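Visitor: Questions regarding the structure given below will be posed in turn.
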Amino acid sequence: MSNPFSNSQRVFVMLIGTWVGLMFAVGLLVPMTVFSYLTDKQVAGMVAGQIFKNTGFLSITLGMILLVFANTLVRRGFKQYRLIRWLLLLTLVLTMLGTFVVQPWMVAIRENTLSTGFPVLLSNQAGFFKILHGVSSSIFLIEMCLLSFIFWRVSKVQA
């Protein structure tokens, strides 16, 4: 029996699986590990923030590659990738929003408050910083859900 997946589909599944794994590993392991091993929570937050920033850049790269693959697959007649394209685009927009808007905003607040000699959570910006942290966490969770759904859809065995 021949495999109904094309090589492009296999590469797509491999890349989306890599992205999903990256997001779950970083989202679940980094905060828990960094905050449990570093006693200074300010430093732990800075380290975690840098890891999330790097994850954002890697996610943007993977997302763009996957978007090209999805477009190629749609042009080759794999119509089930039409929805996948839109979900990838949404995930990419969310990733860019987090990487280029929310995270830099959080860094600016942290640097501004540290320059006054206070950690963020003891400053008058603490409430707003917590809101941005919640927005950032929500974006990351939505990305994880979207990517999991995409992976679930594209890894389905074709009959």
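Yeah, the Cβs are placed from backbone N, Cα and C, and that goes for glycine too.
Checked TrEMBL, it gives:
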type: DOMAIN; residues: 15-111; note: domain 'TMEM205-like'
type: TRANSMEM; residues: 12-35; note: transmembrane segment
type: TRANSMEM; residues: 55-74; note: transmembrane segment
type: TRANSMEM; residues: 86-107; note: transmembrane segment
type: TRANSMEM; residues: 127-152; note: transmembrane segment
Visitor: Over the span of the domain 'TMEM205-like' (15-111), how high is the average pLDDT in this prediction?
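Guide: Its mean pLDDT is 95.
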Visitor: What is the three-state DSSP composition of the domain 'TMEM205-like' (15-111), stated as helix, strand and coil residue counts?
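Guide: So the domain 'TMEM205-like' (15-111) is made up of 89 helix, 0 strand, 8 coil.
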Visitor: What residues in the same chain, six or more past the boundaries of the transmembrane segment (55-74), come closer than 8 Å to it by Cβ-Cβ distance?
Guide: 6, 8-9, 11-12, 15-16, 18-19, 22-23, 26, 81-82, 84-85, 88-89, 91-92, 95-96, 98-99, 103, 143
